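The structure appears right after this line, and notes come after that.
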Ligand SMILES: C[S@@+](CC[C@H](N)C(=O)[O-])C[C@H]1O[C@@H](n2cnc3c(N)ncnc32)[C@H](O)[C@@H]1O
């Protein structure tokens, strides 16, 4: 723990100046978050404390058995989380595969199911470069948001030239910050027309486009109130305008034999496979499950 963290740790958080123990504070926070309907109250209570203390969750678990006091400012963060502000907006960090991404207002918080989509692309890219003399491949991320997909490909696939596009004025600076120094070529623009210079040459295209139907209201308060509309709503009554546009962009960008994988909602799997099959640009169209067994992505090979 660094010195700032220690200073915070020894500070009292209780109104009467008595030092509230860390264990009691985390217990109360868990109850407050549970009452507010937060899906994982104990984990969030611990992560908020760990964030303020500057320690990992393992170290925090050990501290809960000791005599540590609650960190200053803990109650305020817990109240914010109880008001259903996303945990990642409060801590300013989202963990995605091997990355630690900065996130906040205006950018979509990356989700675990997208990690499985990235794995599909990483597997294809690694296999592809195995057979090549020079370990070089090209990949494009359509609608990069925080830069989660593009940043992962750049970090995990040696020699991969990664390109990413983001349209939102609010999300673009987050992507720019997260992708700085990664070698990813980021453009502020529309995925429908991005990277015309790469047409017909790309090995892998990945996208997690907006796909929620216009009339559907996300059940999770965090999503409804804090994820940007441009990241959620796919356009049209079925939400498929942007996914359809992403399929067209991938068909334009990929070389023959190139691989495209796109995330979608579970209920859209059949429609997505049908969209891929329309127009005759794709073969080996496959639906993929996330770690909970739900149909959350579709891929195809460019004919
Ligand atoms: C569901 S979010 C996914 C973000 C990120 N790829 C991830 O998986 O965490 C969709 C992203 O696409 C962006 N977007 C929406 N329409 C776009 C367009 N026409 N061109 C480029 N990006 C777009 C949104 O602003 C948002 O950042």
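Quick reminder: no glycine exception, Cβ is built from N, Cα and C everywhere.
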- 143, 144, 145, 146, 147, 208 bind S-adenosyl-L-methionine according to TrEMBL; which of 166, 185, 220, 222 goes with them? 166
- Look at the binding-site residues 145, 209, 210 and tell me which residue has the greatest number of other C-beta atoms within 10 angstroms of its C-beta. 145
- Task: Under 6 Å from ligand 1 by C-beta, which of these binding-site residues make it: 144, 147, 211? Sequence order, please.
- Result: 144
- 144, 146, 208: which of these binding-site residues has the highest Cβ count within 10 Å of its own Cβ? 144
- Note on the structure: Those same-chain residues, other than 143, 144, 145, 146, 147, 166, 208, found with Cβ within 8 Å of the centroid of the S-adenosyl-L-methionine-site Cβ atoms are 107, 108, 141, 148, 149, 150, 164, 171, 175
- Other residues, Cβ within 8 Å of 208, 209, 210, 211 Cβ centroid (substrate site): 143, 207, 231, 234, 242, 243, 246, 262, 263, 264
- Note on the structure: Going by C-beta under 8 A and a gap of 6 or more residues, the same-chain neighbours of residue 166 (S-adenosyl-L-methionine binding site) are 143, 144, 145, 172, 175, 186, 187, 188, 189
- Message: Using Cβ atoms only, which residues of the same chain lie under 8 Å from residue 211 (substrate binding site) while being at least 6 residues apart in sequence?
- Response: 234, 239, 240, 242, 243, 263, 264, 265, 268
